[in-house]
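Colleague: Below you will find the structure I want to go over with you.
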Amino acid sequence: MAALLRGSRCLAGKCHNHVNAAQVSIRSMASKTQVGFIGLGNMGNPMAKNLMKHGYPVIASDVFPESCKELQELGAQILDSPADVADKADRIITMLPSSPNVIDVYTGPNGILKKVKKGSLLIDSSTIDPAVSKEMAVAAEKLGAVFMDAPVSGGVGAATSGKLTFMVGGLEEEFNAAKELLSCMGANVVYCGQVGTGQAAKICNNMLLAIGMIGTAETMNLGIRLGLDPKLLAKILNMSSGRCWSSDTYNPVPGVMEGVPSANNYQGGFGTTLMAKDLGLAQNTATNTKTPVPLGSLAHQIYRMMCARGYASKDFSSVFQFLREEEDKCG
């Protein structure tokens, strides 16, 4: 079946760049063939586990061997490089920190494209510059493979519970093949359009998330200084027009909610460094498209300052703690 899948791009002696209905059905017939997964960090590890829970044999690789240990104990095959994974699997998912990592994993000396097979489906769930996604798609197409961007929203909690939202960009006729895998890891899989549009949706979401988190932190801090109990204030906000995800699901004030980073000294979750990176992507795309984003720009500066002040490895909701420290400096 794997051989049939790999050869599915060549029908009647002709090789097609675009997949027709027959090819799509061939790919979906191979439903439980092995899947490659590259990048086993805070997000990639639970995502790969959920693929295994749904019966997919996983072949994985990570630049840090210790990241592979847990998955290996669960039965995954661990290989040395992305190229080795591409040699074994026709469907590969990547979950990496940044654009340079993606470029290296796909086009580097030991990258996926060194050994990718014709007919392979490559899904990148990293959050990167949309222009890089487009470059990777062009490089993959030259080798007869299909690249799709599918960044996620929901954080580590949703990755663990299999309730991520995937924003997918790429060939529409390949969407169902991608959705088959992504549905094992997410509750929502949304087709956004051509390659790069998934990244565009993710960048927009994270810019709003940062602005909302800063606003929630400022609001909670002001209320506390005015003598309000933080739990009571959160309750009022969450039944009023100021309600948002940062207030009702991921509150940044310690003691207001359980099971969130603010309840654990801002450990885990979505790191401040990563938020600063995503806001940088938003800033770059806003500049390129001449789009005014004054609050997005300010949020970017705040998170960059946090990185320089010792918050880099803390969850992005630690902006509440950062504001409190700034307040203390003001006397």
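Start at 1 and count along the chain as shown; that gives each residue its number.
Heads up, the Cβ atoms here are built off N, Cα and C, so glycines get one too.
According to TrEMBL:
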- 34-193: domain '6-phosphogluconate dehydrogenase NADP-binding' (DOMAIN)
- 196-322: domain '3-hydroxyisobutyrate dehydrogenase-like NAD-binding' (DOMAIN)
- K202: active site (ACT_SITE)
Colleague: Name, in the order they occur in the sequence, the residues of the same chain whose CB lies under 8 A from the CB of the residue listed as 'active site' and which sit 6 or more residues away.
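Modeller: Non-local contacts for the residue listed as 'active site': T127, P151, V152, S153, M167, D278.
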Colleague: Count up the helix, strand and coil residues in the domain '3-hydroxyisobutyrate dehydrogenase-like NAD-binding' (196-322) according to DSSP, in that order.
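Modeller: Result for the domain '3-hydroxyisobutyrate dehydrogenase-like NAD-binding' (196-322), in helix, strand, coil order: 87 helix, 2 strand, 38 coil.
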